[in-house]
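Participant: Annotation comment: Swiss-Prot describes 12-19, 30-37, 59-63, 117-120, 160-162 as GTP binding site, evidence class similarity to another entry. Annotation comment: Swiss-Prot describes 34 as (Microbial infection) O-linked (GlcNAc) tyrosine, evidence class a curator's inference. Sequence annotations record features per position, and here Swiss-Prot assigns S-geranylgeranyl cysteine to 190. The cysteine methyl ester annotation in Swiss-Prot covers 190, and the record cites similarity to another entry as its basis.
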(Lines of atoms letter the chains of each structure in order from A and count residues from 1; the text may use other names and numbers.)
(Lines give C-alpha, C1' and ligand atoms only; values in the text may rest on other atoms or scores of the structure.)
Protein backbone atom coordinates (compact mmCIF):
# COMPACT_ATOMS: atom_id res chain seq x y z
CA UNK A 1 0.00 0.00 0.00
CA UNK A 2 1.32 3.43 -0.93
CA UNK A 3 2.13 5.85 1.84
CA UNK A 4 -0.36 8.58 2.59
CA UNK A 5 1.14 11.95 1.67
CA UNK A 6 0.71 14.97 3.90
CA UNK A 7 2.17 18.46 3.79
CA UNK A 8 3.44 20.16 6.94
CA UNK A 9 4.46 23.83 7.00
CA UNK A 10 6.46 25.24 9.90
CA UNK A 11 6.17 28.93 10.82
CA UNK A 12 7.40 31.20 13.58
CA UNK A 13 9.83 34.01 14.31
CA UNK A 14 13.32 34.00 12.82
CA UNK A 15 15.84 32.03 14.91
CA UNK A 16 13.16 30.33 17.03
CA UNK A 17 14.41 26.84 16.09
CA UNK A 18 12.23 25.82 13.15
CA UNK A 19 14.96 24.55 10.83
CA UNK A 20 16.80 22.70 13.60
CA UNK A 21 13.58 20.92 14.55
CA UNK A 22 13.03 19.76 10.96
CA UNK A 23 16.65 18.69 10.46
CA UNK A 24 16.81 16.74 13.72
CA UNK A 25 13.56 14.96 12.88
CA UNK A 26 14.37 14.20 9.23
CA UNK A 27 18.15 13.67 9.38
CA UNK A 28 18.78 12.97 13.06
CA UNK A 29 21.55 15.56 13.32
CA UNK A 30 21.67 18.93 15.06
CA UNK A 31 23.06 21.78 12.94
CA UNK A 32 25.47 23.78 15.10
CA UNK A 33 25.57 26.83 12.83
CA UNK A 34 22.61 29.19 12.35
CA UNK A 35 21.67 29.69 8.72
CA UNK A 36 18.53 31.80 8.16
CA UNK A 37 16.12 29.95 5.91
CA UNK A 38 14.81 31.06 2.59
CA UNK A 39 12.77 27.97 1.65
CA UNK A 40 13.83 24.41 2.24
CA UNK A 41 11.83 21.25 1.76
CA UNK A 42 12.47 17.85 3.30
CA UNK A 43 10.54 14.60 3.15
CA UNK A 44 10.32 12.25 6.10
CA UNK A 45 8.53 8.94 6.54
CA UNK A 46 6.65 8.45 9.76
CA UNK A 47 4.38 5.70 11.04
CA UNK A 48 1.50 6.59 13.34
CA UNK A 49 -1.37 4.36 14.39
CA UNK A 50 -0.21 1.67 11.91
CA UNK A 51 -0.37 4.12 9.01
CA UNK A 52 2.66 4.92 6.85
CA UNK A 53 2.77 8.63 6.12
CA UNK A 54 5.13 10.49 3.85
CA UNK A 55 5.43 13.92 5.42
CA UNK A 56 6.56 16.76 3.18
CA UNK A 57 8.23 19.25 5.53
CA UNK A 58 8.15 22.84 4.30
CA UNK A 59 10.48 25.17 6.11
CA UNK A 60 9.81 28.91 6.01
CA UNK A 61 11.75 32.02 6.91
CA UNK A 62 10.37 33.96 9.86
CA UNK A 63 12.17 37.20 9.09
CA UNK A 64 9.96 40.11 8.02
CA UNK A 65 11.80 40.40 4.69
CA UNK A 66 10.03 37.18 3.69
CA UNK A 67 6.49 38.18 4.67
CA UNK A 68 5.48 38.49 1.01
CA UNK A 69 7.21 35.28 -0.10
CA UNK A 70 6.07 33.02 2.74
CA UNK A 71 2.46 32.63 1.51
CA UNK A 72 3.80 30.71 -1.50
CA UNK A 73 4.42 27.83 0.92
CA UNK A 74 0.82 27.62 2.12
CA UNK A 75 -1.28 26.03 -0.67
CA UNK A 76 -2.45 22.45 0.06
CA UNK A 77 -1.09 22.41 3.60
CA UNK A 78 -2.48 19.65 5.84
CA UNK A 79 -1.00 20.77 9.16
CA UNK A 80 0.88 23.78 10.55
CA UNK A 81 3.62 23.70 13.17
CA UNK A 82 3.54 27.16 14.73
CA UNK A 83 6.72 27.67 16.74
CA UNK A 84 8.06 30.00 19.36
CA UNK A 85 11.21 29.74 21.43
CA UNK A 86 10.99 29.10 25.17
CA UNK A 87 13.95 31.43 25.69
CA UNK A 88 12.13 34.25 23.85
CA UNK A 89 8.88 35.54 25.38
CA UNK A 90 8.69 37.97 22.44
CA UNK A 91 8.41 35.04 20.02
CA UNK A 92 5.40 33.78 22.02
CA UNK A 93 3.84 37.24 21.83
CA UNK A 94 4.10 37.09 18.04
CA UNK A 95 1.95 33.94 17.93
CA UNK A 96 -1.36 35.85 18.32
CA UNK A 97 0.01 39.11 16.89
CA UNK A 98 1.48 37.83 13.63
CA UNK A 99 1.46 34.08 13.03
CA UNK A 100 -2.12 33.12 13.90
CA UNK A 101 -3.72 35.83 11.71
CA UNK A 102 -1.41 34.96 8.79
CA UNK A 103 -2.03 31.22 9.03
CA UNK A 104 -5.80 31.53 9.57
CA UNK A 105 -6.00 33.85 6.56
CA UNK A 106 -4.13 31.55 4.16
CA UNK A 107 -4.99 28.20 5.76
CA UNK A 108 -8.50 28.34 7.21
CA UNK A 109 -9.47 25.05 8.92
CA UNK A 110 -5.94 23.62 8.82
CA UNK A 111 -4.97 22.21 12.25
CA UNK A 112 -2.24 24.07 14.13
CA UNK A 113 0.20 22.48 16.56
CA UNK A 114 1.76 25.09 18.82
CA UNK A 115 5.37 24.14 19.57
CA UNK A 116 7.66 25.56 22.24
CA UNK A 117 11.22 25.06 20.93
CA UNK A 118 14.51 25.16 22.87
CA UNK A 119 13.02 23.56 25.97
CA UNK A 120 16.57 22.84 27.20
CA UNK A 121 17.11 26.60 27.70
CA UNK A 122 14.28 27.02 30.22
CA UNK A 123 16.61 26.25 33.14
CA UNK A 124 19.81 27.43 31.50
CA UNK A 125 21.56 29.94 33.80
CA UNK A 126 22.99 32.10 31.03
CA UNK A 127 19.58 32.32 29.31
CA UNK A 128 17.85 33.23 32.59
CA UNK A 129 20.44 35.95 33.32
CA UNK A 130 20.12 37.48 29.84
CA UNK A 131 16.32 37.52 30.05
CA UNK A 132 16.42 38.96 33.59
CA UNK A 133 18.34 41.96 32.23
CA UNK A 134 15.23 42.73 30.16
CA UNK A 135 12.90 41.94 33.08
CA UNK A 136 11.80 38.76 31.32
CA UNK A 137 11.96 35.04 32.04
CA UNK A 138 11.67 31.88 29.95
CA UNK A 139 8.17 30.93 28.83
CA UNK A 140 6.43 28.64 31.35
CA UNK A 141 4.62 25.46 30.18
CA UNK A 142 1.26 26.87 31.31
CA UNK A 143 1.82 30.02 29.23
CA UNK A 144 2.28 27.81 26.18
CA UNK A 145 -0.84 25.80 27.01
CA UNK A 146 -2.86 28.99 27.54
CA UNK A 147 -1.71 30.32 24.18
CA UNK A 148 -2.64 27.04 22.46
CA UNK A 149 -6.16 27.37 23.89
CA UNK A 150 -6.33 31.03 22.92
CA UNK A 151 -5.48 30.36 19.27
CA UNK A 152 -7.58 27.18 19.21
CA UNK A 153 -4.61 24.94 18.39
CA UNK A 154 -4.99 21.19 17.92
CA UNK A 155 -2.35 20.71 20.63
CA UNK A 156 0.67 22.11 22.44
CA UNK A 157 4.05 20.42 22.82
CA UNK A 158 7.52 21.45 23.93
CA UNK A 159 10.75 20.05 22.57
CA UNK A 160 14.48 20.51 22.30
CA UNK A 161 16.07 19.78 18.94
CA UNK A 162 19.46 19.92 20.65
CA UNK A 163 18.71 17.09 23.12
CA UNK A 164 16.06 15.51 20.81
CA UNK A 165 13.64 15.59 23.75
CA UNK A 166 10.05 15.62 22.47
CA UNK A 167 10.97 15.96 18.78
CA UNK A 168 9.31 12.77 17.56
CA UNK A 169 6.16 13.51 19.58
CA UNK A 170 5.76 16.84 17.75
CA UNK A 171 5.68 15.13 14.36
CA UNK A 172 3.48 12.28 15.58
CA UNK A 173 0.90 14.78 16.84
CA UNK A 174 1.16 16.78 13.61
CA UNK A 175 0.65 13.65 11.50
CA UNK A 176 -2.38 12.62 13.57
CA UNK A 177 -3.84 16.12 13.20
CA UNK A 178 -3.33 15.99 9.41
CA UNK A 179 -4.96 12.55 9.18
CA UNK A 180 -7.92 13.55 11.38
CA UNK A 181 -8.55 16.73 9.43
CA UNK A 182 -9.10 14.64 6.32
CA UNK A 183 -11.32 12.15 8.15
CA UNK A 184 -13.66 14.83 9.43
CA UNK A 185 -14.25 15.77 5.82
CA UNK A 186 -13.37 19.39 6.48
CA UNK A 187 -12.35 21.20 3.38
CA UNK A 188 -8.83 21.73 4.58
CA UNK A 189 -5.97 22.97 2.52
CA UNK A 190 -4.71 26.48 2.15
CA UNK A 191 -5.83 29.16 -0.19
CA UNK A 192 -3.65 31.65 -1.99
CA UNK A 193 -5.69 34.84 -2.28
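Heads up, the Cβ atoms here are built off N, Cα and C, so glycines get one too.
It should be emphasised that the depicted structure is a prediction, and the values quoted were computed from it without experimental measurement.
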Participant: Taking the Cβ of residue 120 (GTP binding site) as the centre, how many other Cβ atoms fall within a 10 Å radius?
Facilitator: 17
Participant: Once the DSSP letters are reduced so that anything not helix or strand counts as coil, what is residue 12 (GTP binding site)?
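Facilitator: Its secondary structure by DSSP: strand.
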Participant: Can you tell which of 30, 34 has the least company, meaning the fewest other C-beta atoms within 10 angstroms of its C-beta, among these binding-site residues?
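Facilitator: Least crowded of the binding-site residues 30, 34, by Cβ count within 10 Å, is 34.
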Participant: Hey, which of the binding-site residues 12, 16, 59, 63 is the loneliest by Cβ count within 10 Å?
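Facilitator: Relative to the other binding-site residues in 12, 16, 59, 63, 63 has the fewest Cβ atoms within 10 Å.
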